[in-house]
Amino acid sequence: EVFPPEEAGAAAPVGFLQQLPSYQTALRRRNAPGAGTQGRRNRWGQLVCTTQTVRTVLSLQRLQAGSVAPGPVACCEKVFLVFSNYILILRDLQQADTKYLSGWKQWKRASNKSLKKVLNEVKELSSYLELWRHDIHSIEGKFGTGIQSYFSFLRFLVLLNFIMFILMFSFVTFPSIISKYGIFNSTFAKIPPQNTEPHCTVYTPSGNKGLIYFYTYLKDLLSGTGLLEVTSLFYGYYTIHTAWFGILSYNLPLAYLLATFAYLALSFIWIIKRSVEGFKQNLVHDEDQFQSYCNKVFAGWDFCITDPNAARLKHRSLQYELQTDLEEERLKQKIADRTVKEKLRIYSLRIFINIIVIAVLSGCFYSIYTATVFSQENSSDISNVNFQANLLVQYLPSIVITLANFIAPQIFSFLIRFEDYSPAFEIRLTLMRCVFVRLANIGVLLFSLWSQISYCSTDECKACGYNYKLYPCWETEVGQEMYKLTIFDFMIILAVTLFVDFPRKLLVTHCSCKLVQWYGLQEFRISDNVLEIIYGQTICWIGTFFSPLLPAIATIKYFIIFYIKKISLIHTCKPAARPVRVSSSNFFFLLVLLIGLVLAFVPLGISIAHIPSSKACGPFKSFNTSWEVVPDTILGFPTGLQQVLHGIASEAFAVPFFVVICLVMFYFMALAGAHKRVVEQLREQLVLESRDKLFLIRKITEAQ
């Protein structure tokens, strides 16, 4: 270190430095039995008195000599003068260091400083363009950062779905529309399926004919049938193989498949990026119990809160967290003191409860499977005149899934009380079970559809590869199911707010009955609301391949949900008495969202690579599966490029690539371990520096 000129000739206060706690700790470790030479060298270089401590001592000497502030000055003011002197010293050091740099390095440093300043200004200006910036800040001020994290998460999904819509519309919908209507002198070509039986290519959409009742339009709007079935909303509309814009040709099947991969990759990268940021915050809070206690006591208050009710709630929240910590410590002690008989009893009880959980899940899955099969087999048999029955049958899978999503979590919350877990683990286990129910229900629905699509009992059906009689365009049928789930999920959210939360608010406000007052207002549970929108987002990821404009519907849906939840929070609900920690909740929500995305990969991968594509509709009707468009496109490349691509796809390239990936992974794992050790050493050094400061302040007090 380079010391300032006024300190260069000063004698180092060796005797005084040797009294510092950091020096004494380093000395003890250096002389400890069994300490190796390398370990002593590392600890001595890191834990011996820091430059900051030396500057503090030198400033203390000048303070005692009267060179800092003559006359009687209070102790706190002297300490402030000592530490403010650090800033002046560091600034002088930076200016002195700049004088000895070359012209190139000085220009580079000045350019980096100017560029950083410009980027900060651009970032500050762009923050004013953020969607719902004022609303989210207002919510944060009234209810704290916990509830604000939910609305920020909702804004993230709105932006994600909007970008997904832009991708699908730009590369799939827009070229199809302008080529069909001949805009910009564009033309198109349709290639009929090769080696396909004629009966496989018959597809007659269920369009409305003759006299049409008004409620038929309503049914079509809610179920995606009728006029909507033949629009660009669903897969069956895109029957073009190649579009020409002048001399340029546009391969729509390849664009359709690449756009699907693009929105999945974009979602994956964006979620990973946000998860890494949340994981960093989570690591900061991953401390021992003593540090956790200190953080709650001295740094647990949320200074964004301005509302008195929210402040009282924050008081109760901190009290609840401290009680939870004490309860967890009590349970740890109780677990350590358990006898063999008690352990056998509790493990037997947990096994029995998990059997009940599995039985509940099995009942939910069987109900969804049965409802889906019944709906698919009977939706076309009921006359359109019977509007209510037709709509009920078509929405039967959505209704059963919604009931399962509501009933199963209530059962899990009741059973978890008997498993004798810690409060924090109870919350995590219940949430994971609820996540599994919601996401697995979608998987069961798709499995039910695929079992019906793939069921073939005749030679004619086997020639097509799928049940062409019941599903002449099975991709559109799957898209309609995803569309109905999206619409029904939005209707449930709106109905609960209007017909449950608002009447409950009126009863609590105007009715003095003890039972009503005990029941109270509905709590705004962050975890339940987030799982609700993650469920809807998983449906959107799966359904976008079968309904390219579904992200637009999801964008509008979440845009309206934002205001519904905001009004509900302000006027009808109260914040939860047991809020989850913001950093861990953000990371957990993104982790669950990532699980939903991975779940979406499975049905999409099966639909693209395994199930035969419809021969009567869609851009892939001339291919056996949707994936076959990729090798068909590669065959049109030059021979050299084909050989390169085939080499990349071969085992000769895959094995070395896998070995290199493993080496890179091991390198980053070793680098992460080294960084972890450095972080531990820096934390220990910060502790020692804090002890040095307390020691110096004590000396200043004694010098009075």
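Using N, Cα and C of the backbone, Cβ positions are placed for all residues, glycine too.
What you are looking at is a predicted structure, and each value in this text was computed from that prediction instead of being measured.
As recorded in TrEMBL, the features of this protein are as follows:
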TRANSMEM  156-178  transmembrane segment
TRANSMEM  254-272  transmembrane segment
TRANSMEM  351-375  transmembrane segment
TRANSMEM  395-418  transmembrane segment
TRANSMEM  430-450  transmembrane segment
DOMAIN    473-583  domain 'TMC'
TRANSMEM  587-611  transmembrane segment
TRANSMEM  653-674  transmembrane segment
**Folded-back contacts onto the transmembrane segment (587-611), same chain, C-beta under 8 angstroms, at least six residues removed** = 149, 153, 257, 260, 264, 267-268, 271-272, 274-275, 278-279, 281-282, 428, 431, 435, 439, 442-443, 446, 450, 453-454, 465-466, 474-475, 478, 530-531, 534-535, 537-538, 541-542, 545-546, 580, 625-627
**Asked** Looking only at residues six or more beyond either end of the transmembrane segment (395-418), which have a C-beta under 8 A from one in the stretch?
**Response** 222-223, 349, 353, 356-357, 360-361, 364, 367-368, 371-372, 374-375, 426, 429-430, 433-434, 437-438, 441-442, 445, 448, 481, 484-485, 488-489, 492, 528, 535
**Asked** Using DSSP, how many residues of the domain 'TMC' (473-583) fall into helix, strand and coil, respectively?
**Response** 86 helix, 6 strand, 19 coil
**Fill in**
In the domain 'TMC' (473-583), averaged pLDDT is 84
**Asked** Counting only residues 6+ away from its ends, which parts of the chain sit with a Cβ under 8 Å from the transmembrane segment (156-178)?
**Response** 131, 184, 186, 232, 237-238, 240, 243, 250, 252, 255-256, 258-259, 262-263, 266-267, 270, 274, 533, 537, 540, 544, 548-549, 551-552, 554-555, 558-559, 562
